[in-house]
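S.K.: Before I ask anything, here is the structure I am working with.
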Amino acid sequence: MSDFDEFERQLNENKQERDKENRHRKRSHSRSRSRDRKRRSRSRDRRNRDQRSASRDRRRRSKPLTRGAKEEHGGLIRSPRHEKKKKVRKYWDVPPPGFEHITPMQYKAMQAAGQIPATALLPTMTPDGLAVTPTPVPVVGSQMTRQARRLYVGNIPFGITEEAMMDFFNAQMRLGGLTQAPGNPVLAVQINQDKNFAFLEFRSVDETTQAMAFDGIIFQGQSLKIRRPHDYQPLPGMSENPSVYVPGVVSTVVPDSAHKLFIGGLPNYLNDDQVKELLTSFGPLKAFNLVKDSATGLSKGYAFCEYVDINVTDQAIAGLNGMQLGDKKLLVQRASVGAKNATLVSPPSTINQTPVTLQVPGLMSSQVQMGGHPTEVLCLMNMVLPEELLDDEEYEEIVEDVRDECSKYGLVKSIEIPRPVDGVEVPGCGKIFVEFTSVFDCQKAMQGLTGRKFANRVVVTKYCDPDSYHRRDFW
C-alpha cells in the first residue's frame, strides 16, 4: 500500500470519529434542552400555584369570615355564626291547631270541662324573653268535637243522594244567614237508604246547633226529622238549642222552656195535621211533636208544642184545657208544671183518699187531677226511644240510671222497660215502669220526677194499675 493510500485511510477514520463525536454531542444537547424545558415548565406550574394561593388568601382577607376556619397559634378555630333571630308568633287570637272551627268560648268551655289540659298550650318564656307555644297534645284535635258537629236526619226522601242532601242544607244555611264563614258549612253526608236516615257533619259546633232550626223542614215532600246523635255530649256552657227561628218551619223537637205545653187526652185516631189544626187556632206553632207508638205509628194520645208568640200560651191553656174531644177530655198545661206545683200528699194513711192535685196556670180556681189514682207502680214516659233499647249495654245503663234515681224516693221493688222485637208489636215499648214498695214512695217519685229531664227530654208520669203491671199488660 502506497503512502498516499495510507494517508487517505487515516483521514477517513478521523472523519468517522469526528462524526461520531458530533452525533453524541447533538444527542446530549437535545436531552439537556428537553430537561431544561421540563424544569422550566415545573417552575411555571409552581409559580401559577403560588399565584392562585396568594389570590385566594387575598380574597379571604378582603371579606369578613362568617364560617370556615382561620389559622391562629397553629390551630384551627370555628368562627361564630351570625344568623337572624326567628320571629316567634305570639298566637294572639290565633286558634290552636285542630280547633280552627270552634269559637274561643267553646274552647274555654272544653278546657274548663277538662277536655283540654289547662297547661297544654300555655306559652313558655325563653331566656331571651320570647313566648314560645309548645307542640299541642296529640289527643287534641277536631275529633274531640266531631260528635258535637254531627246531626241525625230522619224521614229523608227515598233514593236521595248524598250530594243532593249536602247541596240542600248548604243552600238553606246560606239563605237563613246561619253560616259563620265563606264556603260550605256541611262537610260530609252519610246516608243509610235501608233505614231512611242520614248523618250530616258540619265544620263548626255553632253551625251544627243552628242547623237544628231546620227540624221539620220540607224536602222533596218529606218533613225531615233532625236530632242529635246518640253519642252526643253537650259542651259545658254552650247552648244545645238553636238561637234562631226559621219562619214557616215547625220543628218536631220541642225544647224545654217555660212556654212548652203538654197536651194530654188526645183521641188516638187524630193525626199530626188534625192536632196542629186544633192548636193553631190560637196562633202559629214554633214546634210540635205528637208522640206515637214506634211499632204501630199510632198516636199515644199526648203531644208537646210551643207557640211562635209566647203571649198566646196562657190563652191556649185556658181555651183547650178541659175541652171535650169525642169521649175524652183534654189536659193542657205547661210541661214543667208538675215538678213545681205538685203537692205531696201525706200522711200515708190518707193516700188512697187524697189524689195528687196541681194548680194549672191560666185556669180560674180550677184543679185537675194529675196522674190518676195513686198506686205503687209509676209509669215514666217521654224518656227513651225504642231504638235506644236495642243495644244490651245501653239498655242496662238506662235501667241502672232509672233505678238509682228512683231509689232516692223510696225502695224500688222492680223495674220493667219493654224492648222492641222485630215484627212484633210490643206493648208499652218506649215506656218505663217502676214498682215501689209503697204508694207513698211512688207519690214522692212522681212529684220529684215529673218535668225532670232525661236524655234532654221532659219526663211525663202517670200511675199504673198494679194488677196490669204484674200481668205485663202494658197497654
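Just so you know, glycine gets a Cβ as well, placed from its N, Cα and C.
What you are looking at is a predicted structure, and each value in this text was computed from that prediction instead of being measured.
Here's the feature list from Swiss-Prot:
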REGION    2-93  region 'Required for interaction with PRPF19'
MOD_RES   S2  phosphoserine
COMPBIAS  7-22  compositional bias 'Basic and acidic residues'
COMPBIAS  23-46  compositional bias 'Basic residues'
COMPBIAS  47-56  compositional bias 'Basic and acidic residues'
MOD_RES   K70  N6-acetyllysine
COMPBIAS  79-89  compositional bias 'Basic residues'
MOD_RES   S79  phosphoserine
MOD_RES   S294  phosphoserine
S.K.: Within 10 angstroms of the C-beta of S294 (phosphoserine), what count of other C-beta atoms is obtained when all protein chains are considered?
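M.R.: Cβ-Cβ neighbours of S294 (phosphoserine) within 10 Å number 14.
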S.K.: By the DSSP assignment reduced to helix, strand and coil, which category contains S294 (phosphoserine)?
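M.R.: Note: S294 (phosphoserine) is coil by DSSP, not helix or strand.
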S.K.: With DSSP as the yardstick, break the compositional bias 'Basic and acidic residues' (7-22) down into helix, strand and coil residue counts.
M.R.: 16 helix, 0 strand, 0 coil
